[in-house]
Amino acid sequence: MVEGGPVKADKTEFTECWKISSKNPYIMKLAFAAGIGGLLFGYDTGVISGALLYIKEDFEEVDKSTFLQELIVSTCVAGAIIGAAVGGYANDRIGRRKTIMVADVLFFLGSIIMAIAPVPAVIIVGRVLVGLGVGMASMTAPLYISEASPAKIRGAMVSTNGLLITGGQFLSYLINLAFTRAPGTWRWMLGVAGLPALIQFLLMWSLPESPRWLYRENYVHEAKEILEKLYPEDEVDREIQALRESVESERAMEESIGKNPVVRRGLYAGVTVQVAQQFVGINTVMYYSPTIVQFAGFASKSVALSLSLITAGLNAFGSIVSMLFVDRYGRKRLMIISMAGIIFFLIFLSVVFIEASSHAPKFGILAVVFLGLYIVSYSPGMGTVPWIVNSEIYPLKYRGVGGGIAAVANWVSNLIVSESYLTLTEHLGPGGTFFLFAGVSTLSLCLIIWFVPETKGLPFEEVEKMLAEGYRPCGGRKVKGEKVGKVTGDDNAA
């Protein structure tokens, strides 16, 4: 462990990730098996955008009620709020592996219930169950991957979860398009998610628990056995020693979350990035993408779904970009660049949608282009990095509950945005709504600069030390002997 600074990351890019994982495929096996939770997360949040078009055809009451449409979309998010809260507790109590398996059961049950739903109320019940699974998986999968990855490629490995989330969203649009002419349309769209949930449940039987959770729970021998599979032989003892020091330090300072400065500063950063991720408005695009395309002047359902498939593909592409650069250039820098692009293109989208209402389809095409550029800006930074930050910024003892609190903040923000989007467009229009998102995104950028430290290349134990010592808004650590401030507005820099 390097005292006082990060591990050098000259080559910690995708090539280094590939080099290490190819030498030790076990690391990649853990990452992709856990990442199926991300695939389900992405699929279940994306599939409803196309399914809703056909649910409205089958149920007249849904077609006539904007509130009911928003309810079908947002109940998944409401379930995710509860799932994230329960998942945070479950992660610390029963472990990462079992929490993922519980999420799979909920995914499977919810998918089957939605597929056979005779009335909209039953669809809503299924959406709640799926939401519970989404909430648990959203914070558990990156945490599990993070704790099973070497520090210098941890960002890239956790980005595989982000890639599978965006891949799941892309897959949802592809399946939506494939089933447009099939009998049952939306039932197939919603029900097919049960298959990957079943596959992941079976895979998790053969995978181990997180070595860091095991060590914390005094399963030292089991933790060492797993670390021996993840690290070169000459690094295992160093990892065990670092874990021992971290756990002993925590036990010597048994404080509540509110009184622990490391956890508090971690939550400032973790909650900030998770709320910002949603208030840029991305999930209005993912949930209502075909509807937005129709706003832009493309009335055909199949055309709307086809164009939405392009936006989902760009989102997945951005996740690959994140894997390439997150360990090389850092988490905070990617988020700042991402937010700058988001704000720029949201403003352009606002102008274009205002013009599209009276000059479609010329401006409608421009709307789709800027929508794609907005997603390209979002995905490599704000799409994946908030989950990476939250998987590595909390002390081991509080990693589950800390990530759970931040995930709850994420899903509450998601619920607010998704539940209000159609209502906002009715009152402000799509252009005015995107301009509102641009304003909120500007505020979010300022908060990220102020509250979020850089964790690139840092072992978990070094992240804890940095948070204990304090850090400056510019991202640097405070020098030794520099005064540490009180818990006030400048606590992030304390």
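Using the three backbone atoms N, Cα and C, a Cβ is placed for every residue, glycine included.
Residues annotated as transmembrane segment in TrEMBL: 30-55, 67-87, 99-117, 123-145, 157-179, 185-207, 267-288, 303-326, 333-353, 365-389, 401-422, 434-452. Summarising the annotation, TrEMBL assigns domain 'Major facilitator superfamily (MFS) profile' to 30-456.
Within the same chain, the transmembrane segment (185-207) packs against the transmembrane segment (30-55): three or more Cβ pairs sit under 8 Å, each pair at least 6 residues apart. Proximity of the transmembrane segment (267-288) to the transmembrane segment (99-117) is not established, fewer than 3 Cβ-Cβ distances being under 8 Å for residue pairs spaced 6 or more apart. Of the ranges 67-87, 123-145, 333-353, 401-422, the one with the most Cβ pairs under 8 Å to the transmembrane segment (434-452) is 333-353. Taking every recorded stretch in 67-87, 99-117, 333-353 and counting its Cβ pairs under 8 Å to the transmembrane segment (401-422), the highest total belongs to 67-87.
Long-range contacts of the transmembrane segment (333-353) within its own chain (CB-CB distance under 8 A, at least 6 residues past either end) are made by residues 273, 276, 280-281, 295-296, 322, 325-326, 363, 366-367, 370-371, 373-374, 376-378, 380-383, 385-386, 429-432, 434-435, 437-438, 441-442, 444-445, 448-449, 452, 454. Mean model confidence of the domain 'Major facilitator superfamily (MFS) profile' (30-456) amounts to 84 (pLDDT, 0 to 100 scale).
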